[in-house]
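**Q** The following feature annotations were taken from Swiss-Prot:
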- HIS109: active site (ACT_SITE)
- TYR26, GLY27, SER28, GLN29, LYS49, SER52, SER54, ASP84, THR85, ALA86, GLN87, GLY135: NADP(+) binding site (BINDING)
- ASP192, GLU196: Mg(2+) 1 binding site (BINDING)
- ASP192, GLU228, GLU232: Mg(2+) 2 binding site (BINDING)
- SER253: substrate binding site (BINDING)
- 3-183: domain 'KARI N-terminal Rossmann' (DOMAIN)
- 184-329: domain 'KARI C-terminal knotted' (DOMAIN)
Amino acid sequence: MAVEMFYDDDADLSIIQGRKVAVIGYGSQGHAHSLSLRDSGVDVRIGLKEGSKSRAKAEEQGLTVGTPAEVSEWADVIMVLAPDTAQASIFTNDIEPNLKDGDALFFGHGLNIHFDLIKAPEFVTVGMVAPKGPGHLVRRQFVDGKGVPALIAIDQDPKGEGQALALSYAKGIGGTRAGVIKTTFKEETETDLFGEQAVLCGGTEELVKTGFEVMVEAGYAPEMAYFEVLHELKLIVDLMYEGGIARMNYSVSDTAEFGGYLSGPRVIDAGTKERMKAILADIQSGEFTRRLVANVENGNTELEGLRKANAEHPIEVTGKKLRDLMSWVDRPITETA
C-alpha cells in the first residue's frame, strides 16, 4: 500500500507559529526540535526537572526553561521527548494536571500511547511528529535549509485539527522540506521496536559477537577477528545506507559478493525468520512492553545485569585496545576519561 506523503506546500507554518510549544526533554531530539521551532518563529519553552544538567545548556542557547509542570501549564502544544520509560510518570505528575481544552499532546515515538501507558483526556489532540534521523542531523539539515524525512500520526483528534497541526510542527523543524509520511501510532511503534530488536541492535550485535567467538575459538587472533566482523561493518553499512543492498554488492569485490550470496542464507535461514516473527509477535502483543515496564519498576535490575554481561564480552576488551590505534575514531567519554 502506497504511503501518503506531504511536503512544504502541504503545511501551513502559521498554525504552529500561533501556538505555544513546550518541549519536554532536551536530549538529542529535544535540542533539535526546540532550536528549529524557535528559528521558525515559534514560541518555545523547555521542560526539565530541577537539577537537570541540560538546563544550563538550554539557557545558554537562549531558550526559556521551566519544570515540566510549569511549561505544560503555559503551553497549548506539548511535545514529549523524554525517554520512553520516564514519559508515563512525567505525564501523570506534571502534564495531565495542566491539560486544558484545545491542548495538543505530541510525541516523537508512539510506545506510551500505543500500549496505553499514557491515556490522554478526550478533549486533547494526541499526535506524533518523528524525524527519521538523530537530533544532530535534524538540526544540521534545518540550518542548511534542508530537512530530514519525518513521520506524523494522529491518535486522538477531538477538534479535527490534528493533521494540520502535526504538519505545521513538522514544517517548523524542516521535515516537510524532505517529505513527511503519514502513519499510525501502531505502525510506527511496532516497526520501530522490531527494527531495533531483530536487526539494528539485537540482531546485528549478536551476529558480530558470534562471528568474533567463532574466529577466536578457531585459533585466529582476537585482533584479526575484531577487524573482520566489527570494524569493517561500518564500510558495508555506509554503502547500504547510501544506495541500498545493490550498491553494496556492486562496490565490494566479486569474491565478497559471491561468498555473501552462498553463505548469508546459511547464517540467516528459515528458522531465523520464524524466530524474528516470534519477536514481532511479542512486540505486537505488548509482552515486550510489559517486560520493559517491569524492569523499570524493579529499579532497572534486569537491564543493568544485561549491560554488565555485555560489557564483559572479550570483543569489548579487544576493541578498546585497537581503537587506541585509530586517531580518526571519535572515542566515547567512557574510554577517554
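For all residues, glycine too, the Cβ spot is worked out from N, Cα and C.
Worth saying up front: this structure is predicted, and the values here are computed from it rather than measured.
Can you tell me where each of these features sits in this structure?
**A** Same-chain residues at least 6 positions away in sequence with a Cβ under 8 Å from that of HIS109 (active site) are, in sequence order, ASP84, MET128, ALA130, GLU188, THR189, ASP192.
A simple way to gauge crowding: the CB of SER54 (NADP(+) binding site) has 16 other CB atoms within 10 angstroms, across all the protein chains here.
According to DSSP, GLU196 (Mg(2+) 1 binding site) sits within a helical segment.
When secondary structure is read from DSSP and collapsed to three states, GLU232 (Mg(2+) 2 binding site) falls in the coil class. Listed in sequence order, there are no same-chain residues at least 6 apart in sequence whose CB falls under 8 Å from the CB of GLU232 (Mg(2+) 2 binding site).
In the three-state DSSP scheme, SER253 (substrate binding site) is classed as coil. SER253 (substrate binding site) is surrounded by 8 other CB atoms, counting those within 10 A of its CB over all protein chains shown.
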**Q** Check each residue in the chain of GLU196 (Mg(2+) 1 binding site) that is at least six apart in sequence and keep those whose C-beta is under 8 Å from its C-beta; list them in sequence order.
**A** GLY202
**Q** Could you give the Cα-Cα distance between SER253 (substrate binding site) and THR85 (NADP(+) binding site), in whole Å?
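**A** Between the alpha carbons of SER253 (substrate binding site) and THR85 (NADP(+) binding site) there are 44 Å.
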